[in-house]
Ligand SMILES: Nc1nc(=O)c2c([nH]1)NC[C@@H]1CN(c3ccc(C(=O)N[C@@H](CCC(=O)O)C(=O)O)cc3)C=[N+]21
(Lines of atoms letter the chains of each structure in order from A and count residues from 1; the text may use other names and numbers.)
(Lines give C-alpha, C1' and ligand atoms only; values in the text may rest on other atoms or scores of the structure.)
Protein backbone atom coordinates (compact mmCIF):
# COMPACT_ATOMS: atom_id res chain seq x y z
CA UNK A 1 0.00 0.00 0.00
CA UNK A 2 1.20 3.50 -0.73
CA UNK A 3 -0.25 6.39 1.22
CA UNK A 4 -2.27 9.05 -0.57
CA UNK A 5 -0.39 12.32 -0.53
CA UNK A 6 -1.82 15.15 1.59
CA UNK A 7 -0.71 17.88 -0.78
CA UNK A 8 -0.17 21.06 1.23
CA UNK A 9 0.68 23.15 -1.82
CA UNK A 10 -2.67 22.37 -3.45
CA UNK A 11 -4.66 22.89 -0.23
CA UNK A 12 -2.78 26.12 0.51
CA UNK A 13 -3.56 27.38 -3.01
CA UNK A 14 -7.27 26.90 -2.31
CA UNK A 15 -7.03 28.83 0.98
CA UNK A 16 -5.03 31.59 -0.72
CA UNK A 17 -7.56 31.90 -3.54
CA UNK A 18 -10.28 32.50 -0.95
CA UNK A 19 -8.09 35.00 0.92
CA UNK A 20 -7.29 36.86 -2.34
CA UNK A 21 -11.01 37.20 -3.10
CA UNK A 22 -11.67 38.62 0.39
CA UNK A 23 -8.70 41.01 0.10
CA UNK A 24 -10.08 42.30 -3.22
CA UNK A 25 -13.48 42.90 -1.59
CA UNK A 26 -11.86 44.80 1.30
CA UNK A 27 -9.80 46.90 -1.14
CA UNK A 28 -13.05 47.95 -2.86
CA UNK A 29 -14.11 49.34 0.50
CA UNK A 30 -10.81 51.18 0.91
CA UNK A 31 -9.23 48.69 3.33
CA UNK A 32 -5.86 47.15 2.44
CA UNK A 33 -5.00 44.28 4.81
CA UNK A 34 -1.34 44.30 5.85
CA UNK A 35 0.90 41.69 7.47
CA UNK A 36 3.79 42.81 9.64
CA UNK A 37 6.78 40.64 10.54
CA UNK A 38 9.45 41.14 13.14
CA UNK A 39 12.65 39.16 12.62
CA UNK A 40 15.39 39.33 15.22
CA UNK A 41 18.81 37.99 14.30
CA UNK A 42 20.10 36.28 11.18
CA UNK A 43 19.14 32.62 11.47
CA UNK A 44 18.93 31.56 7.79
CA UNK A 45 15.86 29.34 8.29
CA UNK A 46 13.94 32.13 10.05
CA UNK A 47 14.97 34.59 7.38
CA UNK A 48 13.80 32.33 4.59
CA UNK A 49 10.43 31.70 6.31
CA UNK A 50 9.89 35.44 6.74
CA UNK A 51 10.81 36.10 3.11
CA UNK A 52 8.29 33.44 2.08
CA UNK A 53 5.58 35.17 4.11
CA UNK A 54 6.21 38.47 2.33
CA UNK A 55 6.05 36.71 -1.05
CA UNK A 56 2.70 35.20 -0.01
CA UNK A 57 1.21 38.56 0.96
CA UNK A 58 2.06 40.01 -2.46
CA UNK A 59 0.39 37.01 -4.12
CA UNK A 60 -2.94 37.66 -2.41
CA UNK A 61 -2.85 41.46 -2.80
CA UNK A 62 -1.92 42.29 0.79
CA UNK A 63 0.41 44.98 1.98
CA UNK A 64 3.37 43.96 4.15
CA UNK A 65 5.73 45.62 6.59
CA UNK A 66 9.04 44.08 7.59
CA UNK A 67 10.90 44.98 10.78
CA UNK A 68 14.36 43.55 11.39
CA UNK A 69 16.68 43.80 14.38
CA UNK A 70 20.19 42.41 14.89
CA UNK A 71 20.75 39.32 17.03
CA UNK A 72 22.23 41.60 19.67
CA UNK A 73 18.97 43.57 20.12
CA UNK A 74 17.94 44.03 23.73
CA UNK A 75 14.55 43.05 25.09
CA UNK A 76 13.68 46.77 25.28
CA UNK A 77 14.54 47.25 21.60
CA UNK A 78 12.40 44.27 20.64
CA UNK A 79 9.48 45.57 22.72
CA UNK A 80 9.86 48.97 21.02
CA UNK A 81 9.63 47.29 17.60
CA UNK A 82 6.49 45.45 18.74
CA UNK A 83 5.02 48.78 19.79
CA UNK A 84 5.76 50.29 16.37
CA UNK A 85 3.89 47.43 14.70
CA UNK A 86 1.04 47.76 17.22
CA UNK A 87 0.76 51.45 16.32
CA UNK A 88 1.26 51.20 12.53
CA UNK A 89 -2.10 51.67 10.77
CA UNK A 90 -0.74 49.87 7.67
CA UNK A 91 -0.31 46.70 9.77
CA UNK A 92 -3.56 44.80 10.28
CA UNK A 93 -1.83 41.99 12.14
CA UNK A 94 1.73 40.79 12.61
CA UNK A 95 4.00 38.03 13.82
CA UNK A 96 7.15 37.98 15.88
CA UNK A 97 9.22 35.26 14.22
CA UNK A 98 10.22 32.62 16.76
CA UNK A 99 12.58 31.58 18.21
CA UNK A 100 13.96 34.84 19.63
CA UNK A 101 17.68 34.98 20.54
CA UNK A 102 18.88 33.47 23.82
CA UNK A 103 18.31 35.75 26.77
CA UNK A 104 15.10 37.25 25.40
CA UNK A 105 11.93 36.37 27.28
CA UNK A 106 9.65 35.14 24.49
CA UNK A 107 6.49 35.16 26.58
CA UNK A 108 6.96 38.82 27.54
CA UNK A 109 7.38 39.72 23.87
CA UNK A 110 4.30 37.72 22.82
CA UNK A 111 2.25 39.43 25.56
CA UNK A 112 3.24 42.85 24.22
CA UNK A 113 1.48 42.18 20.89
CA UNK A 114 -1.94 43.85 20.67
CA UNK A 115 -4.31 40.82 20.81
CA UNK A 116 -6.37 42.37 17.98
CA UNK A 117 -3.20 42.41 15.83
CA UNK A 118 -2.01 38.92 16.74
CA UNK A 119 -1.57 37.10 13.40
CA UNK A 120 -0.21 33.94 15.07
CA UNK A 121 -2.92 33.42 17.68
CA UNK A 122 -0.19 33.09 20.30
CA UNK A 123 -1.11 36.04 22.56
CA UNK A 124 -2.32 34.75 25.95
CA UNK A 125 -5.71 36.40 25.39
CA UNK A 126 -6.17 34.51 22.15
CA UNK A 127 -4.82 31.23 23.54
CA UNK A 128 -7.24 31.79 26.45
CA UNK A 129 -10.10 32.29 23.99
CA UNK A 130 -9.11 29.01 22.36
CA UNK A 131 -9.25 27.28 25.74
CA UNK A 132 -12.62 28.87 26.56
CA UNK A 133 -14.02 28.33 23.06
CA UNK A 134 -14.94 24.67 23.48
CA UNK A 135 -18.00 25.49 21.38
CA UNK A 136 -16.79 27.56 18.41
CA UNK A 137 -20.36 28.59 17.62
CA UNK A 138 -20.51 30.73 20.75
CA UNK A 139 -16.81 31.57 21.17
CA UNK A 140 -15.35 35.08 21.00
CA UNK A 141 -13.76 35.36 17.52
CA UNK A 142 -10.01 34.98 17.80
CA UNK A 143 -7.11 34.08 15.52
CA UNK A 144 -6.16 30.41 15.71
CA UNK A 145 -2.52 29.29 15.78
CA UNK A 146 -1.55 28.86 12.12
CA UNK A 147 -0.01 25.38 12.07
CA UNK A 148 -2.82 23.65 14.03
CA UNK A 149 -5.47 25.43 11.94
CA UNK A 150 -3.54 24.49 8.78
CA UNK A 151 -3.45 20.83 9.81
CA UNK A 152 -7.24 20.75 10.29
CA UNK A 153 -7.73 22.48 6.93
CA UNK A 154 -5.40 20.01 5.18
CA UNK A 155 -7.32 17.06 6.64
CA UNK A 156 -10.71 18.62 5.82
CA UNK A 157 -9.82 19.37 2.20
CA UNK A 158 -8.70 15.77 1.77
CA UNK A 159 -11.83 14.45 3.49
CA UNK A 160 -9.88 12.70 6.23
CA UNK A 161 -12.32 12.52 9.15
CA UNK A 162 -11.28 13.42 12.69
CA UNK A 163 -14.65 13.39 14.48
CA UNK A 164 -14.84 10.29 16.66
CA UNK A 165 -11.27 9.38 15.72
CA UNK A 166 -8.22 8.98 17.92
CA UNK A 167 -5.52 11.52 17.15
CA UNK A 168 -2.06 11.09 18.66
CA UNK A 169 -0.02 14.29 18.71
CA UNK A 170 3.74 14.11 19.23
CA UNK A 171 4.99 17.31 20.81
CA UNK A 172 3.58 19.72 23.38
CA UNK A 173 5.10 22.92 21.99
CA UNK A 174 3.22 26.18 22.09
CA UNK A 175 3.00 26.69 18.30
CA UNK A 176 1.80 23.20 17.33
CA UNK A 177 1.12 20.34 19.75
CA UNK A 178 -0.55 22.07 22.66
CA UNK A 179 -2.96 24.30 20.72
CA UNK A 180 -3.66 21.46 18.25
CA UNK A 181 -4.95 19.33 21.12
CA UNK A 182 -7.31 22.16 22.10
CA UNK A 183 -8.57 22.64 18.53
CA UNK A 184 -9.15 18.96 17.85
CA UNK A 185 -11.30 18.50 20.94
CA UNK A 186 -13.65 21.43 20.27
CA UNK A 187 -17.34 20.80 19.64
CA UNK A 188 -17.86 20.05 15.98
CA UNK A 189 -14.31 18.74 15.56
CA UNK A 190 -14.79 16.04 18.20
CA UNK A 191 -11.54 14.10 18.03
CA UNK A 192 -10.15 12.26 21.03
CA UNK A 193 -6.56 13.32 21.57
CA UNK A 194 -3.48 11.83 23.18
CA UNK A 195 -0.86 14.55 23.57
CA UNK A 196 2.57 12.93 23.88
CA UNK A 197 6.02 14.41 24.49
CA UNK A 198 9.66 13.55 25.11
CA UNK A 199 8.87 11.96 28.51
CA UNK A 200 6.11 9.68 27.22
CA UNK A 201 7.29 6.17 28.21
CA UNK A 202 6.21 4.15 25.15
CA UNK A 203 5.64 6.45 22.19
CA UNK A 204 5.39 3.58 19.70
CA UNK A 205 2.51 2.01 21.65
CA UNK A 206 0.63 5.33 21.73
CA UNK A 207 1.12 5.93 18.01
CA UNK A 208 -0.08 2.39 17.14
CA UNK A 209 -3.53 3.25 18.51
CA UNK A 210 -3.89 6.37 16.33
CA UNK A 211 -6.21 6.92 13.38
CA UNK A 212 -4.36 10.20 12.80
CA UNK A 213 -0.76 10.91 13.84
CA UNK A 214 0.70 14.41 13.98
CA UNK A 215 4.46 14.52 14.51
CA UNK A 216 5.76 17.92 15.63
CA UNK A 217 8.90 17.31 17.64
CA UNK A 218 11.89 17.99 15.39
CA UNK A 219 13.48 14.53 15.71
CA UNK A 220 14.47 13.27 12.23
CA UNK A 221 12.55 10.16 11.12
CA UNK A 222 11.27 9.42 14.64
CA UNK A 223 7.99 7.82 13.54
CA UNK A 224 8.79 4.35 12.16
CA UNK A 225 6.67 2.24 9.80
CA UNK A 226 5.96 -0.39 12.48
CA UNK A 227 4.54 2.34 14.79
CA UNK A 228 1.75 3.18 12.37
CA UNK A 229 -1.64 1.46 12.18
CA UNK A 230 -2.22 0.44 8.53
CA UNK A 231 -4.35 3.06 6.81
CA UNK A 232 -3.77 5.80 9.41
CA UNK A 233 -3.24 9.43 8.33
CA UNK A 234 0.22 10.73 9.21
CA UNK A 235 1.16 14.41 9.25
CA UNK A 236 4.84 15.25 9.26
CA UNK A 237 5.28 18.70 10.80
CA UNK A 238 8.80 18.81 12.23
CA UNK A 239 11.83 19.78 10.16
CA UNK A 240 15.45 19.43 11.15
CA UNK A 241 18.50 20.53 9.22
CA UNK A 242 20.59 17.39 8.96
CA UNK A 243 23.47 18.79 6.93
CA UNK A 244 24.14 20.53 3.65
CA UNK A 245 24.18 19.28 0.07
CA UNK A 246 27.24 19.67 -2.14
CA UNK A 247 25.71 22.82 -3.62
CA UNK A 248 25.44 24.29 -0.11
CA UNK A 249 21.66 23.90 0.29
CA UNK A 250 20.31 22.75 3.64
CA UNK A 251 19.42 19.07 3.84
CA UNK A 252 16.16 18.69 5.74
CA UNK A 253 14.55 15.73 7.45
CA UNK A 254 10.99 15.46 8.74
CA UNK A 255 9.83 13.65 11.88
CA UNK A 256 8.44 10.73 9.85
CA UNK A 257 10.51 7.87 8.44
CA UNK A 258 10.00 7.64 4.65
CA UNK A 259 9.02 3.95 5.04
CA UNK A 260 5.78 5.08 6.71
CA UNK A 261 4.44 5.77 3.19
CA UNK A 262 4.08 1.99 2.72
CA UNK A 263 1.81 1.62 5.77
CA UNK A 264 -0.16 4.86 6.15
CA UNK A 265 -3.38 5.60 4.28
CA UNK A 266 -2.52 9.30 4.00
CA UNK A 267 0.79 11.06 4.44
CA UNK A 268 1.72 14.73 4.29
CA UNK A 269 5.03 15.23 2.52
CA UNK A 270 7.69 17.40 4.11
CA UNK A 271 8.34 19.82 2.46
CA UNK A 272 5.11 20.47 0.59
CA UNK A 273 2.73 19.43 3.37
CA UNK A 274 1.98 21.33 6.55
CA UNK A 275 4.53 24.16 5.96
CA UNK A 276 2.59 25.80 3.10
CA UNK A 277 -0.62 25.42 5.13
CA UNK A 278 0.91 27.31 8.07
CA UNK A 279 1.66 30.20 5.74
CA UNK A 280 -1.80 30.14 4.12
CA UNK A 281 -3.57 30.17 7.48
CA UNK A 282 -1.44 33.13 8.56
CA UNK A 283 -2.87 35.05 5.60
CA UNK A 284 -6.36 33.96 6.60
CA UNK A 285 -5.79 35.31 10.13
CA UNK A 286 -4.79 38.69 8.66
CA UNK A 287 -7.85 38.95 6.41
CA UNK A 288 -10.09 37.82 9.31
CA UNK A 289 -8.63 40.63 11.44
CA UNK A 290 -9.14 43.14 8.62
CA UNK A 291 -12.79 42.12 8.24
CA UNK A 292 -13.33 42.38 11.99
CA UNK A 293 -11.92 45.94 11.89
CA UNK A 294 -14.53 47.25 9.42
CA UNK A 295 -18.26 47.56 10.09
CA UNK A 296 -20.38 44.86 8.40
N1 LIG B 1 5.87 33.48 15.19
C2 LIG B 1 6.10 32.41 14.44
N3 LIG B 1 5.10 31.89 13.70
C4 LIG B 1 5.31 30.80 12.91
O5 LIG B 1 4.39 30.32 12.22
C6 LIG B 1 6.62 30.22 12.89
C7 LIG B 1 7.61 30.80 13.68
N8 LIG B 1 7.32 31.88 14.45
N9 LIG B 1 8.84 30.28 13.70
C10 LIG B 1 9.23 29.15 12.90
C11 LIG B 1 8.05 28.27 12.53
C12 LIG B 1 8.29 27.45 11.30
N13 LIG B 1 7.32 27.88 10.35
C14 LIG B 1 7.24 27.46 9.03
C15 LIG B 1 6.32 27.95 8.16
C16 LIG B 1 6.29 27.54 6.84
C17 LIG B 1 7.19 26.63 6.36
C18 LIG B 1 7.16 26.23 4.93
O19 LIG B 1 6.43 26.79 4.15
N20 LIG B 1 7.96 25.24 4.53
C21 LIG B 1 8.03 24.78 3.17
C22 LIG B 1 9.46 24.75 2.70
C23 LIG B 1 10.05 26.12 2.73
C24 LIG B 1 11.55 26.10 2.46
O25 LIG B 1 12.00 25.29 1.65
O26 LIG B 1 12.24 26.95 3.06
C27 LIG B 1 7.41 23.41 3.07
O28 LIG B 1 7.24 22.77 4.12
O29 LIG B 1 7.07 22.99 1.98
C30 LIG B 1 8.11 26.10 7.22
C31 LIG B 1 8.13 26.51 8.55
C32 LIG B 1 6.57 28.87 10.88
N33 LIG B 1 6.93 29.12 12.13
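Every residue gets a Cβ built from N, Cα and C, even glycine.
Feature annotation from TrEMBL assigns domain 'Tetrahydrofolate dehydrogenase/cyclohydrolase catalytic' to 6-120. In terms of DSSP secondary structure, the domain 'Tetrahydrofolate dehydrogenase/cyclohydrolase catalytic' (6-120) contains 60 helix, 19 strand, 36 coil.
For 145-293, the entry in TrEMBL reads domain 'Tetrahydrofolate dehydrogenase/cyclohydrolase NAD(P)-binding'.
The Cβ of residue 171 (NADP(+) binding site) has 22 other Cβ atoms within 10 Å, all protein chains considered. Among the features that TrEMBL reports, NADP(+) binding site is placed at 171, 172, 173, 239.
Spread of the NADP(+) binding residues is 16 Å (greatest Cα-Cα distance among 171, 172, 173, 239). Within the same chain, residues at least 6 positions away in sequence whose Cβ sits under 8 Å from that of residue 173 (NADP(+) binding site) are 216.
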